[in-house]
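Pulled from TrEMBL:
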| type | residues | note |
| --- | --- | --- |
| REGION | 1-31 | region 'Disordered' |
| DOMAIN | 99-250 | domain 'Fumarylacetoacetase-like C-terminal' |
Amino acid sequence: MSLAQTLDRATRTARAVPQPPPGAVAGSPEAEVRAAYDVQDDLVRFRLDRGERLTGAKLGFTSEGKRRQMGVHDLILGRVTDGMAVPDGADLDLSAFIHPRVEPEVVYLLGRRIATVADAFAEGAVAAVAPGIEIIDSRYENFRFSLADVIADNTSAAGYAVGAWQPYDPAAWNRGVVFELDGRPAHMGSTAAILGDPRRAVVEAARLAERIGLVLEPGWLLLAGAATPAEPLTPGTHVRVEVQGLGSVSFTARPAGEGAS
Ligand code: OOG
Ligand code: MG
């Protein structure tokens, strides 16, 4: 079974798989990363073959807090689908997840087709912005991985919720972020933690996408990367993220043993 097939099965069965042995994908670090994006391509294609639709892209490890938490030092790009969308205010069943974690995101709505870094600077590249919550759920046991492993695993992408879209104001890039679990702040941060300025996320996403031949389409979301470390998502937890001036987004993980309502 290929690594993509193994990770796909882990996703469908909600059972973690062992981290591949170091150097399983041979070659230089660059060759390893390139091979890992090929695995990600296959993994995403399995979802599309099952009828899911791409809704956007996501960046990972854009903040120092996340890099330190996961021991990884480079930016990574993943893809999200409609099958991962969690409606704002939802009552979410966690049974499809392995060991989910949640983190606060800033989400951009892309207004243009972005095929090159230059496109990221074009007028209207970002059409709107919203507060977001990402659910990450590594398919690897104990949430442990190397940079190549997590790229292959589509950057742990598993779910996302987006609040109401707000007009994009490039001048207001430094906004407070409150990440609440059950009404208590778990972390407070600032969007400035995201690459120093979350607008850089669009440029970095364009750079990574160009490198792997991915075109970012108008209407796609871009999750800019968590501004604070992630926290475990446990049954019964109410998760809320507020980004100053952009409003909030929330959902509740259904308590264990409660079926679909
Ligand atoms: C990888 C995903 C990282 C972010 O916002 O930094 C990410 C992981 O931590 O499992 O989504
Ligand atoms: Mg994230």
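Placement of Cβ uses the backbone N, Cα and C atoms for every residue, glycine included.
Within the chain carrying the region 'Disordered' (1-31), a Cβ under 8 angstroms from the stretch's Cβ atoms is held by residues 39-40, 42-43, 46, 95-99, 138-142, 144-146, 148-149, 152-154, 158, all 6 or more beyond its ends. Mean pLDDT for the domain 'Fumarylacetoacetase-like C-terminal' (99-250) in the predicted structure: 96. Across the region 'Disordered' (1-31), DSSP helix (H, G, I), strand (E, B) and coil residues number 14 helix, 1 strand, 16 coil.
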